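Asker: Sharing a structure below in structure tokens format, with a few things to ask.
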Amino acid sequence: MTSGLFYGSCNVENTLSSVVQGKMGKKKEERQPLLVSSNEPLNDTYDRSAIPRPDLRNSPDNVVVHLAGGPMEGASTPDGGVPPPPKPPKPDFDPVLNRNLEHPTSNLDTMIHLLKGNIGSGILAMPDAFSNAGLVVGTVGTLIMGVICTHCMHMLVKCAHELCRRSQMPALGFSEVVETAFATGPSVLRPFSHAAKIMVNVFLCITQLGFCCVYFVFVAANLRDVVAHFWIDLDVQVYLGLLLIPMIVLNWVKNLKYLAPVSLFASILTITGLGITFFYMLQGLPRTSSVHAFAPWHKLPLFFGTAIYAFEGIGVVLPLENNMETPQDFSGLTGVLNTGMVIVAALYTSVGFFGYLKYGDHVKGSITLNLPPNDLLAQSVRLMMGLAIFLSYGLQFYVPMNIIWPLIKDKLHTEKAQMYGEYIVRTIIVIFTFVLAALIPDLGAVISLVGAVSSSALALIFPPLIEIITFWKVGLGRYNWILWKDIAIVIFGLLGFGFGSYSSIENILNADKS
């Protein structure tokens, strides 16, 4: 939840600064320790103080997101025609040495942001995912999904570096990487570079709006459970209606800087809630023979949708790597990315395994809904997680708003019209996610559908396609093994996209009939 979900104060990637030209020294020979940032120069001939490091991030330091309208915006002609041929790249251009930041993040900061970007409401749905796969298939499948998603993240970073060298840019965002890959790739694809960028932005919007729908349903379902136990049982749509006005007011906050304390509070609530949830899950565990080791095959697409939703953190990868003080420490066998994703995969697998083992086929869309209703501590978890997700809605909302609003802003010519127009657009988008959530109040079905439709495209389909296009002329390995590997991942993503979407929609329709 990516993109992915994340809370807390992270960095915002916005419009990139101009390229710093100049002669670079040789690359750094010794790598920095994994979680230790260093103030040492990159090497003896390259001194950071010699070149000022203007901040590439113009937005508040709250959340890592990808925004539309990056430096490659002008790479296509206005009518979407063939872009002009790129300038010959300088052979000694190194984007890492030209990535000048006033406040770069350390390895530890990047690790924390990476964990926040991958751990959200999706982790609470993993027991439900295991119920659609079985204990054995769920365990193995989650780990395999983690390996594939992590490999796709590495592919995206590698392609971004190569495309930065070609375009002489210090850093690129997700959609700019896709656009540059098409613009500098095979000639037959160059006319479609701008369309490719638009497509990625559309999927980013769909993903984040899907997250917002999940947030609406998640908060309403947990709130309903608490109120139903202590007072009166009302339909979940009632709670969705009660949440609408507070959600609108919350998202009238235009500057994420003012949400920093709120996001920090949400992170504390999330960590506390997960700790208490583990406390309940690990008590009185039954034998593994009490649950299915293998679920029926027709349920596997639902597992795929929920699992890929939970692993959706690819949208934060490039902004994090772009803003690191030592970006060379991001990749590698023991780099920040691998270390963080091992932790994420271990958490997802453990929550899914023990949650399904504890509650079996009675597990619900969020594990918090299975906690003992008569226990005040368990009820407090529902309130904590519900409040944390509610407060984090604005962070997920930030991405689609910053893709949609610039398209409308240009049509409003006065400052007053732009001010009121932005409030109206914000309100309409929140109401839109509310309507979708009210139409599909089944939390598990919504999560699986969002994961299958949009998360699979961003995490599994686009990265291998970008790698094929980027290195088509350079070569794709001996016997073209990179090509066949990428094709296999694309087919896997397309199958998950198709069957996962079909099964999720069928599940939603069957639930409505019953």
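Note that Cβ sites are derived from N, Cα and C of the backbone, with glycine treated the same way.
Grabbed the feature section from TrEMBL, which reads as follows:
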- 21-93: region 'Disordered' (REGION)
- 103-505: domain 'Amino acid transporter transmembrane' (DOMAIN)
- 133-157: transmembrane segment (TRANSMEM)
- 198-218: transmembrane segment (TRANSMEM)
- 230-250: transmembrane segment (TRANSMEM)
- 262-282: transmembrane segment (TRANSMEM)
- 302-320: transmembrane segment (TRANSMEM)
- 332-356: transmembrane segment (TRANSMEM)
- 376-399: transmembrane segment (TRANSMEM)
- 420-440: transmembrane segment (TRANSMEM)
- 487-505: transmembrane segment (TRANSMEM)
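So that I understand the layout, could you describe where these features sit and how close they are to other parts?
Answerer: Sequence-distant neighbours of the transmembrane segment (198-218) (same chain, 6+ residues past either end, Cβ-Cβ under 8 Å): 1-5, 66, 68, 120-121, 174-175, 178, 236, 240, 243, 247, 312, 315, 366, 385-386, 389-390, 392-393, 396-397, 399-400, 403-404, 429-430, 432-434, 436-437, 440-443, 446-447, 449-450, 453-455, 457-458, 462.
Packing against the transmembrane segment (262-282) from elsewhere in the chain are residues 7-9, 62-63, 116, 119-120, 123-124, 351, 354-355, 358, 367-368, 371-372, 377-378, 380-381, 384-385, 387-389, 391-392, 394-395: each is 6 or more residues past its ends and has a CB under 8 Å from a CB in it.
Beyond the transmembrane segment (302-320), the same-chain residues lying 6 or more positions past its ends with a Cβ under 8 Å from any Cβ of the stretch are 1-6, 10-13, 64-66, 105, 110, 113-114, 117-118, 122-123, 125-126, 128-130, 132-133, 137-138, 141-142, 145-146, 149, 152-153, 156-157, 160, 171-174, 177, 204, 207, 295, 330, 337, 344, 348, 399, 444, 447-452, 455-456, 458-460, 463, 496, 499-501, 503-504, 507.
Within its own chain, the transmembrane segment (332-356) is flanked in space by residues 31, 34-35, 107, 110-111, 114-115, 118-119, 123-124, 126-127, 129-131, 135, 138-139, 142-143, 146-147, 149-150, 153-154, 157, 277-278, 281-282, 285, 291, 307, 310-311, 313, 317, 321, 324, 363, 367, 370, which lie at least six positions past its ends and keep a Cβ under 8 Å from the stretch.
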Asker: In the same chain, which residue numbers or ranges, 6 or more beyond the ends of the transmembrane segment (420-440), come under 8 angstroms Cβ to Cβ?
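Answerer: Distal contacts: 209, 212-214, 216-217, 220, 237, 240-241, 243-244, 247-248, 251-252, 254, 397, 400-401, 404-405, 408-409, 412, 446, 449, 508.
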